[in-house]
């Protein structure tokens, strides 16, 4: 078995250590809360469970704001780090509990921190997983990154704003195809703001939602598409200029 196909013990231990650190943080939050029945605390898997969870947490948010904030961030970052689905419900929860401005700031911070944690974890132990799960997608991503190296930030912004590639894949594959962390960070931090705004805004009116399809109306989709086009335009223009220069040099030489 090749080196890229196996998971050494130390790498598994590292992943377990990261998970243990998050668990310890959540345990600290739990111990600082008053004695009560917390059986309602579970990751929501649908809107009904999210509405029930929100109803309980609203009673604690005003009196135990710090604990709720720390617990929320720890759960969100953990989910992003270990690719656990359901972060969209966490984004809706932020809107319901903290309002528009604080909710967007909280979601962007937690999502960026979780994506960064996933980036570094993948850099150390994720290569075999990405190669085995998405070989074709990884090859495509690698070619696109190499092609757009000079305008890579614009390309990363485009990926974050549009559904061209799943965010989980971007988090895991970026270090493998040599996307620099500072480019990954800026692309994530800025690129997640539009979607966070849409989702948090929907969370404020959580009781009116009947399905996740209600999140993205025509106006929201058009806005995200427009932002995606604007973000990738400099990269496309740069590519055209690079293609024109050799042609001009050839004409001049003749």
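Keep in mind that glycine also has a Cβ here, set from the backbone N, Cα and C atoms.
Caution: TrEMBL annotation is automatic and unverified by curators.
Taking TrEMBL as the reference, the stretch among 204-220, 221-237 described by the feature transmembrane segment is residues 221-237.
TrEMBL lists transmembrane segment for one of the ranges 104-122, 123-141, namely 104-122. The transmembrane segment annotation in TrEMBL falls on one of the ranges 12-33, 34-55, namely 12-33.
DSSP places the residues of the domain 'VTT' (84-203) in helix, strand and coil in these numbers: 100 helix, 0 strand, 20 coil.
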